[in-house]
Amino acid sequence: DLENEEGNGSVSPSQLYITIPLALLFMLLRVAFERAIATPVATFMGIKSKVRQKAPVNPVLENFYISCSKHPSHEEIYGLAKKSNRSSIQVQRWFRRRRNQDRPAVMKKFQESCWRFIFYLGALIGGVAVLYDKPWFHDVWEVWVGYPKQEVLSSQYWYYVMELSF
């Protein structure tokens, strides 16, 4: 049922296996893009990778942070201060520094945004180039012509495979 009259355009789930190596390729491209393009652009724009102070090692506070809450109440801070032999202010400072450790740096956010911008810009341009000459690009009702036996063009297939790989 999934083949058209010419015998091409058949669809099978096994055709999606190509997305796994393509996803790995996208990961390598992302690393190369972040190092070669995004980081120099960020540096040129004055974005710096700020070094955050790390919270000192404290198993009691770390265990509470992981298992209970990243934002303890005043009563919990008081109890944790007693358990760890620290003042309440030191415990609050430790939690603030520990939360800041988990936050991504501005440089990392910029690199991520650049990567997504470039990919989605390329996907937009590629999608318009691939679909512009198709009848359903201008008339949405053309999508349903021939349903459920519709062929999948190779350009559509590769467009969707690239999106899925990303």
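Each Cβ is built from the backbone N, Cα and C atoms, and glycine gets one as well.
TrEMBL lists 16-33 (among others) with the feature transmembrane segment.
If you look up TrEMBL, you'll see 61-105 marked as domain 'Homeobox'. Within the chain carrying the domain 'Homeobox' (61-105), a Cβ under 8 angstroms from the stretch's Cβ atoms is held by residues 49-50, 52-55, 112, all 6 or more beyond its ends.
The DNA-binding region annotation in TrEMBL covers 63-106.
Long-range Cβ contacts of the transmembrane segment (113-132) within its own chain (Cβ-Cβ under 8 Å, at least 6 residues beyond either end) map to 30, 33-34, 37-38, 41-42, 155-156, 159, 162-163, 166. Taken from TrEMBL, the feature transmembrane segment applies to 113-132 (among others).
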Problem set entry | Secondary structure composition of the DNA-binding region (63-106) [DSSP: H/G/I, E/B, coil] | 32 helix, 0 strand, 12 coil
